[in-house]
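Okay, so here's the structure we're looking at.
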Amino acid sequence: MTTTVAPAPVASKPGRNGKPRTANLFKMLPLTPAIGLMLVFLAGPILYCIYAAFTNMALTGTGAANVTFVGLDNFRKAFGSGAFSNAIWLTLVFTLVSAIIGQNTLGLGLALLMRKSTKVVRNFVGTAVIGAWVLPEVVAAYLLSAFFNEEGTLNVMLHAVGLPGQDWLYAAPIIAVSLANIWRGTAFSMLVYSAALSEVPKEIEESAEMDGAGGWRRLVFVTLPMISRAIMTNLMLITLQTLSVFGLIYAMTRGGPGTKSQTLPLYMYEQAFSFSQIGYGTAIALVMLAIGAVFSLIYLRGLNSEAA
Amino acid sequence: MVTRKRFKAAGALAASALLLAVSACSQGSSTKQPEPGGQSSGPANIKIAYQQWGPGTTMKTFLAGVKSEYEAANPGSTVEVLPIVASENDYYTKLQLMMRSPNTAPDVVYEDTFLINSDITAGYLRPLDDYIAKWDQWGQFEETAKGAAKALDGKTYGVPDGTDTRALWYNKQIFAKAGLPTDWQPKTWDDVLTAARTIKAKVPGVTPFNIYSGKPMGEASAMQGFEMLLYGTKDSLYNSDQQKWVVGSQGFKDSLNFIKTVFTEGIGPSPKQALDPNMGSKVGTELLPEGKLGIALDGSWIYGNWQKTGAKPWPQWTEVMGQTAMPTQDGGGKGKVSLSGGWTWAIPAKSKNPDAAWNLIKTLQTQKNAAKYATDGAQIAVRKDVAADEGYKSSSKSTQFFTDLVSVTVYRPAYAEYPKVSNEIITAMEAVMTGQSSVDDAAKNYDEAVEGIVGKDKTTAGQ
Amino acid sequence: MIARDRISKLASNLVLLAIGILFVLPLLWVLFASINRTAGLRVEFPTDPTLGNFKAVLNTDTTYRPVLNGIVLCGGAALLTMVCAVLAAYPLSRFKSRFNRPFLLTVLFCTGLPITAVMVPVYGLFVQLNLVDTLGGTIMFMATSSLPFAIWLTKTFMDGVPISLEEAAWVDGASNMRALKSIVLPLMWPGIAVVLIFTFIGMWGNFFVPFMLLLSPERLPASVSIFTFFGQYGEPNYGQLAAYSLIYTTPVLLLYLLLSRKLGGAFALGGAIKG
């Protein structure tokens, strides 16, 4: 397990170091298969969703026979509904706790610590963290359900140190699924940061050390700024992915009990599929996309200000 | 330049993809249908879809028999049995998606009566009146059963294969241990709660009382659980005189309160256990046969699990289990409550072989096959000749009890909006049983949701 | 100075070990339960280990056919994704165009798309194109849904291959596609492997898409059968569930080990996402 084969340095932006070459239609031709597939199987359905969100479309009942345009009714219904604001709130908590704080910080921490650790430890931890990530979603969900169960491993450990246990999936479901998502997703951030850190020239850090900068100061003022682009990109990717996490939560709690772990994707699924309200469900999906867009804009702005 | 061209092309492609999707999803009710009987029903390949979930294989075995019978009688025809392996809500979703297009629509589908009006309104099903008019067996069906799949337009869309009633099943051995009478006859809700409290105090390790509640159990929660309570109050879901849905009723709150009592006092299963989507089969195949449940508010069919052909053969059940009617709230009215539903065989509007499909339904509903399914599937017969059949009458010790309940039984409001209202009921139940909201808040949310579903002018206050 | 280094190294090792153990703990349950005759949800080392759980699930209906279906489905889709992604990444990485940035941003944004949201129109589209219940159609949709991420990763990797090498080839008159095949691809093989793993892992665990688009039981992949097989019978047999989970995990694990060995270590995987 080495860090050697990471592909060549980040600095070489083609078209910048060579002569900029402008495209012509012929040269762009290889894009066609990808664009074709995405237009038919993604853009088409998405446009259709945008249309559906403004209708009363349903899988059964009147909304299935006569689809009628209802204007902003679905959105009005959503923003007036307690279940929807509950789902928004839980989605934000889930994203903040499991992605922005959990996966991101833990991934960065692991990557930093690994630079200072012995090879055996590094290999062991790397394998464990990546192993959790390689597992199929359903299996991960089963494992973690067992882990958080009343008689599961977590409680056995808590009892061993004299702490009271509880049925985590029932008592604190949003915390349990957030921890589950950290467990499953940290590998991604760890890999990103390991690669980014491997490109930070050792000399810079060493010279900072010579100047007497302590560990934390060095980290905050020297190392982190050097990998800020990686941080922004990583944050954006894991945020977008966490916003749309469905399978893990569905298999662990189905959004319950009650609606205590019902994030937006689960609420949308319930309304669109369990309750057959396609129009309303897709309206919720659009809100989800809007939230994703807001996050992306924030990160992109961060990236741009870095570049400038 | 180049990019603009590209974007134009992209736009055109996207637009055509959109058109495709739209035409795929819109319901073309104008699709031309072959007239019934208009074409000779020659050899055909018929697809019949049903739900396969849980350990039960009664329907699977039954359909395998019907398949070979039909294929033998119609040389050249094939019957493709299509089990849809999915839990309740997923089954409906998949079925509805399949029925939207002639390419995927099965020829015969198994539809729950609670959903059929909604699917009829959606235009998914084909009226069967022309077929039924020429069918000599229709006269054998009970009048109420004939109405089970009759829509507001007066047409019949499904052939019922049985009905059911609901009551309290109780374990006499546990009752004896708790010092309760083994010929238990509760008169009020309080009697039921008191018995459950007694079991909790005297027989540890046993769940005193089960009532289905919450979203995972779907319609079972709404019907077996909530409506069995609500229809024992002075209120109901729907006021048929005014033709309006009832909101803000005391009965609704009382029923929610009953649920709250059961789950907060610990005389029911733990909320977590109750929110397992497999709770239904768990009650039938584990909790009751293993003597871990004192009282179960459940369906007439549950003994089907314990027959020789069932998922959990348990011959002793006839000695161990007693049945008694669910009482009304305070013993008023008729004193007891039951609700009835059942399933029907229907033909999707987009079936390519409606005539052959009808022939298959006729094979499913010969006297012999109907009697077989009523017996193995633990149904209450809807055909007079089956009800009179000796084999059926003696098939179970509980048949007489549950058949008698037909005299007090109530049917759910047969309107297309019912499934949506039902979803709001189970949402309210789950909010209350998990302690997430108070009874008043949950009832208020329900009222608002129902007003949103049916329109405020279609609602009325309770008694 | 040296002493301080040593202390910080020791501390790093200890903290890392603690975190590593936390990550391993949930995995222990599946290992123990799979060889336990009477497995529950508790982690306990089986007193009387058995292979019975594996034997019980190793049959055509439960394991062989679904796993094979999964390999065909996810393998096909992952390959299709890769071909499209490499082709698309080349012009995006090599040529300057006003079209690149908006396109890449759109692609990036699509990575966060909730696929569950579009399933109803997708189903309608499949019906229209007569693709419902076909492996081919499902492969195409699964490939498309992972394309945005794959294009983005591949493009970043390709940016890392210096353009000067190709310029020599162009001077020699090689076409773009030839340059891509003979110069760029060999140099970015690790990157390709990384994208392939990302893509395949995501697909292998995907339950919802095949569940909606495939109808016949004999076409369903392992991700669906694990859910239906263990979801429908009350309290599942945890021992068999654990055994099946391990079998089901094996193909991704093998692919991962194979490729990461070729790459010379897991951490090459991170190189793709430098921003």
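Using N, Cα and C of the backbone, Cβ positions are placed for all residues, glycine too.
Since we're looking at a predicted model, the values are computed, not measured.
Residues annotated as domain 'ABC transmembrane type-1' in TrEMBL: A:89-299.
Feature annotation from TrEMBL assigns transmembrane segment to A:29-54 (among others).
For the transmembrane segment (A:87-112), same-chain residues at least 6 beyond its ends with a Cβ under 8 Å from one of its own Cβ atoms are 125, 129, 174-175, 177-179, 181-182, 185-194, 196-197, 219, 223, 231, 234-235, 238-239, 241-243, 245, 259-267, 284, 287-288, 291. Residues or ranges marked as transmembrane segment in TrEMBL: A:87-112 (among others).
Per TrEMBL, transmembrane segment is recorded for A:124-148 (among others).
Here TrEMBL flags A:168-193 (among others) as transmembrane segment.
Look at TrEMBL and you will find A:235-253 (among others) tagged as transmembrane segment.
Positions annotated as transmembrane segment by TrEMBL: A:273-300 (among others). Long-range contacts of the transmembrane segment (A:273-300) within the same chain, counting only residues at least 6 positions beyond its ends with a Cβ under 8 Å from a Cβ of the stretch, are 49-50, 52-61, 63-64, 67, 70, 74-75, 77-78, 84, 87-88, 91, 232-233, 235-236, 239-240, 243-244, 264-265, 267.
Long-range neighbours of the transmembrane segment (A:124-148) within the same chain, counting only residues 6 or more positions beyond its ends whose Cβ lies under 8 Å from a Cβ of the stretch, are 1, 110, 114, 117, 154, 167-169, 176, 179-180, 183-188, 190-191, 247-248, 250-252. Remote same-chain residues near the transmembrane segment (A:235-253) are listed as 91, 94-95, 98-100, 103-104, 137-138, 140-142, 144-145, 169, 173, 176-177, 180-181, 184-185, 188-189, 260-261, 263-266, 269, 288, 291-292, 295-296, 299-300, 303 (criterion: CB distance under 8 Å, separation of at least six residues from the stretch ends). Here the transmembrane segment (A:29-54) has long-range neighbours at 69-72, 74-75, 278-279, 282-283, 285-286, meaning same-chain residues at least 6 beyond its ends whose C-beta is under 8 angstroms from one of its own.
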